[in-house]
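Trainee: If you look up TrEMBL, you'll see Ser9, Phe10, His17, Gly89, Leu90, Arg91, Glu99, Tyr123, Thr124, His125, Leu126, Ser127, Ser128, Thr129 marked as ATP binding site. Here TrEMBL flags Ser9, Lys41, Leu74, Lys88 as substrate binding site. Residues or ranges marked as domain 'Cytidyltransferase-like' in TrEMBL: 5-133. For His17, the entry in TrEMBL reads site 'Transition state stabilizer'.
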Amino acid sequence: MQSAVCPGSFDPLHNGHVEIIARASNLFDEVIVAVSPNMHKRPMFSVEERMEMVQETFAYVRGVTVRPLGEGLLAEFCKAHGANAVVKGLRDAKDLSYETPMATMNRHLSGLETIYLPADGRYTHLSSTLIKEVHSLGGDVSEHVPRAAQRRLAERRHEA
Ligand code: PNS
């Protein structure tokens, strides 16, 4: 069985992530979505909430599971879960320059390969950061995120 890991912060999950995870699930028997604690930024949603967004969105997609990445190395996480590859979406050349050192480091650490999928043109402008900014300023981001994220973003607005 060929397994891949799609790692990320997913704070929140948006349609660009959803499309990459879905395409990865067409290539691999199992896709493990690994939700990172996001140590460098203060996240809007807890790891549990972000995992629920993935779980709800992929509830009916065979082979997609979600786990917390934890605070260790991605290479170790992949080894522990028997995954042969990491799948990442690339929106532009900036993503390529950001991802490639990590991909190379992961290969040096444990032979783990990274597969890049070019983002579909409909989603190249999406980032969780931009979605949070637009939402916090009162903009409507509902066409850019799955229902599970829409609902949680709306709850946050009502709580604020
Ligand atoms: O969605 P993000 O914030 O761009 O995701 C970044 C992530 C989680 C993929 C990256 O920070 C990562 O791989 N973290 C795991 C820790 C690790 O292995 N660091 C060394 C990478 S070479």
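Glycine residues also receive a Cβ, built from the backbone N, Cα and C atoms like all the rest.
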Trainee: Could you give the Cα-Cα distance between Lys88 (substrate binding site) and His17 (ATP binding site), in whole Å?
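Mentor: If we compare the Cα positions of Lys88 (substrate binding site) and His17 (ATP binding site), the gap is 9 Å.
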Trainee: Who sits close to Leu74 (substrate binding site): which same-chain residues at least 6 apart have their Cβ under 8 Å from its Cβ?
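Mentor: Val5, Pro7, Ala34, Val86, Met102, Asn106, Leu112 - these are the non-local Cβ neighbours of Leu74 (substrate binding site), listed in sequence order.
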Trainee: Helix, strand or coil: which one is His17 (ATP binding site) in, per DSSP?
Mentor: helix
Trainee: If you average per-residue pLDDT over the domain 'Cytidyltransferase-like' (5-133), what number do you get?
Mentor: 97
Trainee: Looking only at Ser9, Lys41, Leu74, Lys88, which the record lists for substrate, tell me the maximum pairwise CA distance in angstrom.
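Mentor: Largest Cα to Cα distance for the substrate-binding set is 20 Å.
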Trainee: Taking the Cβ of Ser9 (ATP binding site) as the centre, how many other Cβ atoms fall within a 10 Å radius?
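Mentor: I count 22 other Cβ atoms within 10 Å of it.
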Trainee: Just to be sure I understand the packing, how many Cβ atoms besides its own are within 10 Å of the Cβ of Lys41 (substrate binding site)?
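Mentor: Result for Lys41 (substrate binding site): 11 other Cβ atoms within 10 Å.
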Trainee: Look up Leu126 (ATP binding site) in the DSSP assignment and reduce it to helix, strand or coil.
Mentor: coil
Trainee: Does any of Ser9, His17, Lys41, Leu74, Glu99, Thr124 have a Cβ within less than 6 Å of an atom of ligand 1? These are the binding-site residues; tell me which, or none.
Mentor: Ser9, Leu74
Trainee: When DSSP is mapped onto helix/strand/coil, what comes out for Lys41 (substrate binding site)?
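Mentor: The three-state answer is coil.
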Trainee: By the DSSP assignment reduced to helix, strand and coil, which category contains Lys88 (substrate binding site)?
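Mentor: The residue in question, Lys88 (substrate binding site), is strand (DSSP, three-state).
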